[in-house]
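Here is the structure we will look at.
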Amino acid sequence: MSAPGGPLARLEARVTREWQRRGALAWALTPFACVFGLCAALRRTAYAQGWKQPVDVGVPVVVVGNVTVGGTGKTPTVIALVDALRAAGFTPGVVSRGYGANVKTPTAVTPASRASAAGDEPLLIARRTDAPVWVCPDRVAAAQALRAAHPDVDVIVSDDGLQHYRLARTVELVVFDHRLGGNGFLLPAGPLREPLSRHRDATLVNDPYSGALPPWPDTYALALTPGAAWHLDQPALRRPLSQFAHERVLAAAGIGAPERFFATLRAAGLAPATRALPDHYAFADNPFVDDAVDAILITEKDAVKLGASWRDARLWVVPVEAALDPRLIALVVEKLRGRSPA
């Protein structure tokens, strides 16, 4: 893993910037993007035409994913959706790939699991929702194992996996942030895994800057709101973000879109110094030792990777809550129940 602010982090930042414009590098990579797009289209067509059959795991599946590379807010969306489904009378479970974990077979994730064995997002989901969570690169195998262990589960939420067509699904939700589709090019010339025109049941857009929604059908605003920060060593100790306004604060994030976390803090009235860490940063040691600050604000996703050996009293964790549009929840619930929304 690259050091904070090292070559990997700088490369990630440069690629992300290039994907927002149609510059010389993007145009130079378009032949490769055409090949990527052809391969992706053939794979989609194989399932759409019935040449390959998706696997029905016996209960409805809601996929929360994206058509772009990088973080868009899927994890808080999954957490909010699990809570909404539970409130609607369902018993949800969650499957995920377990990115970053050494997982080859279906594995249960509990609040006591380690991020290295479960993946940071699945562990966060397990701790926040208390729902059954299983991980495996083969999401079908994960879903089948989850159902065998929890026969009461009547709906499965797939954290990412939009392109995992082998898993049959009932509802597809695609999440975007303010960058939307970037320059509109497929990988590697742009950030798109699939064309923006890809069919989905609904689109969620989190734009903390303008709040504007693109003119796409079935599109809903996704609001991500920070809660009171809690102390890493003493989770019961909480402080409103406003209390950090007059302190020397560093905000650090090892997520797919760290600037979104920083923008959330600025919107709360803070003006922190910022440090973008590589996505899924492992925190093998403390990268903040030399920082002369009073408080360090980190994301929940990063916090699950910090074990009991961490003893930096400056670390505070900022939880983020996703607010789902009631109309979106109604759409999902009605589709799961096999009825058309009113």
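Don't overthink the numbers, they just go from 1 along the chain as shown.
Any Cβ shown, glycine's included, is placed from N, Cα and C.
Here Swiss-Prot flags THR68, VAL69, GLY70, GLY71, THR72, GLY73, LYS74, THR75 as ATP binding site, drawing on sequence analysis. Spatially close to GLY71 (ATP binding site) yet at least six residues away along the chain are ASP177, ILE255, GLY256, ALA257, ARG260, ASP279, judged by Cβ distances under 8 angstroms. GLY71 (ATP binding site) falls within neither a helix nor a strand when secondary structure is assigned with DSSP, and so counts as coil.
Each residue in ASN66, VAL175, ASP177, GLY256, ALA257 lies on the same chain as THR68, VAL69, GLY70, GLY71, THR72, GLY73, LYS74, THR75 and has a C-beta within 8 Å of the C-beta centroid of that ATP site, without being one of the site residues. Least packed by the Cβ count within 10 Å, out of the binding-site residues GLY70, GLY73, is GLY70.
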